[in-house]
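K.L.:
Quick one: the structure is below, and I'll ask about it shortly.
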Amino acid sequence: MQKYTSEARQLLALRIPVILAQVAQTAMGFVDTVMAGGYSATDMAAVAIGTSIWLPAILFGHGLLLALTPVIAQLNGSGRRERIAHQVRQGFWLAGFVSVLVMIVLWNAGYIIRSMHNIDPALADKAVGYLRALLWGAPGYLFFQVARNQCEGLAKTKPGMVMGFLGLLVNIPVNYIFIYGHFGMPELGGIGCGVATAAVYWVMFIAMLSYIKHARSMRDIRNEKGFGKPDSVVMKRLIQLGLPIALALFFEVTLFAVVALLVSPLGIVDVAGHQIALNFSSLMFVLPMSLAAAVTIRVGYRLGQGSTLDAQTAARTGLGVGICMAVVTAIFTVTLRKHIALLYNDNPEVVALAAQLMLLAAVYQISDSIQVIGSGILRGYKDTRSIFFITFTAYWVLGLPSGYILALTDLVVDRMGPAGFWMGFIIGLTSAAVLMMLRMRYLQRQPSAIILQRAAR
């Protein structure tokens, strides 16, 4: 019991800064929306449309680079810290290549925006302008993620938190300057949010790079002169590990986007109630997501030390803590669902629907916690390909079709409306949780030599 208690303390120490870093990141998006809305409703809508395209594109690159965390954690645990610098440099090369692809996609996103049904031309122009300003921040964001993953792989999660709040503090005044045109800068409205956010990502990267260069705990890692050439072998391995994670993230983001599109014809009340429940459940998701990041670090580190039993302890402790947290947040959601809905909207019909959907959200919080922590465990074991197959099967083969049938057809029961899609979420997330646990159990039953061999690749 003592080893589980000790492991829980380690996990909580790692996850709290990750939570706060995510809060800072979410707050930046909130600030952009509010400040653009203060300028005009059109500018706020433009930022919202632009963000809906930016997120899938940049999260694909973000997911690809998540492969660095277990690689660095494993090297750190095995005492091969001299190899970390080379891995990080290849991470920067990979981030640079991905940045070019993301920027090309975002530059041409105007074709997607202008093809939207009945979109106002002025709104479309502002959304395109916002994206074309924001895309210059893509390299800064991805370079920052490489540096952050280096720190987190070394079990140092506080720098990411500090840089997140630094970015938030810089974002507010720079937004103000470019939205309203102060200090000789042009008045750009919502497009100014894109300029400010792009600048903030570069500030965060430069600040994180400065920390890494001067941190005493990383002196032994700075052992290569010059930046070095791309290493095709290392980059191929990072892509093999990271691409399934990137695709899994992409499938998850696009699933919720597709459901939002399917709900939109059902009416204003249904759309508003769905959006309230989804926004609140997204806030609750920060808790298990941060724990999953901590579990990846601990499992990778323990495997690097050559201890498969300690890796199992880290995995089981993470699941136990995650389930306990999910039960608490589910009770909180059920108890206060009407009060929470009233914080978003005071329309009685919207509040009633949102409260009903939050009951379903409370049910899936436990499954959601298990599946995201399970994904973190599998990343720690460097078994990322299974994450892709599980996510695709659970969300797109089981969850979305069943949600569509329940919500919009009479094949099984009378049309359920938005609640049908939430039943689909429950089916998809529960399926993912079960499949993640089965895969974890299969991996942990393999001989230690095979587990350690995979982890060392």
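Including glycine, each Cβ sits where the backbone N, Cα and C put it.
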K.L.:
Consult Swiss-Prot and decide if Leu12 and Arg415 are found on one and the same side of the membrane.
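P.N.:
Different domain labels for Leu12 and Arg415.
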K.L.:
Is the count of Cβ pairs under 8 Å between the transmembrane segment (188-208) and the transmembrane segment (314-334), pairs 6 or more apart in sequence, 3 or more?
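P.N.:
With fewer than 3 qualifying Cβ pairs, these stretches do not touch.
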K.L.:
At an 8 Å Cβ cut-off, counting only pairs 6 or more apart in sequence, do the transmembrane segment (418-438) and the transmembrane segment (243-263) clear the bar of 3 or more pairs?
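P.N.:
Contact criterion met.
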K.L.:
Name the range, of those listed as 53-73, 127-147, 276-296, that has the largest tally of Cβ pairs under 8 Å with the transmembrane segment (243-263).
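P.N.:
Answer is 53-73, with the largest number of Cβ pairs below 8 Å.
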K.L.:
Does the transmembrane segment (276-296) come close to the transmembrane segment (350-370), meaning at least 3 CB pairs under 8 Å for residues 6 or more apart?
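P.N.:
Yes, these stretches are in contact.
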K.L.:
Name the range, of those listed as 16-36, 160-180, 276-296, 314-334, that has the largest tally of Cβ pairs under 8 Å with the transmembrane segment (53-73).
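P.N.:
Per the Cβ count, the answer is 276-296.
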K.L.:
Per-residue pLDDT averaged over the topological domain 'Extracellular' (37-52) comes to what?
P.N.:
77
K.L.:
Tally Cβ pairs under 8 Å between the transmembrane segment (160-180) and each listed stretch (16-36, 93-113, 276-296, 314-334, 387-407), then give the stretch with the top tally.
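P.N.:
Looking only at 16-36, 93-113, 276-296, 314-334, 387-407, the most contacts with the transmembrane segment (160-180) come from 16-36.
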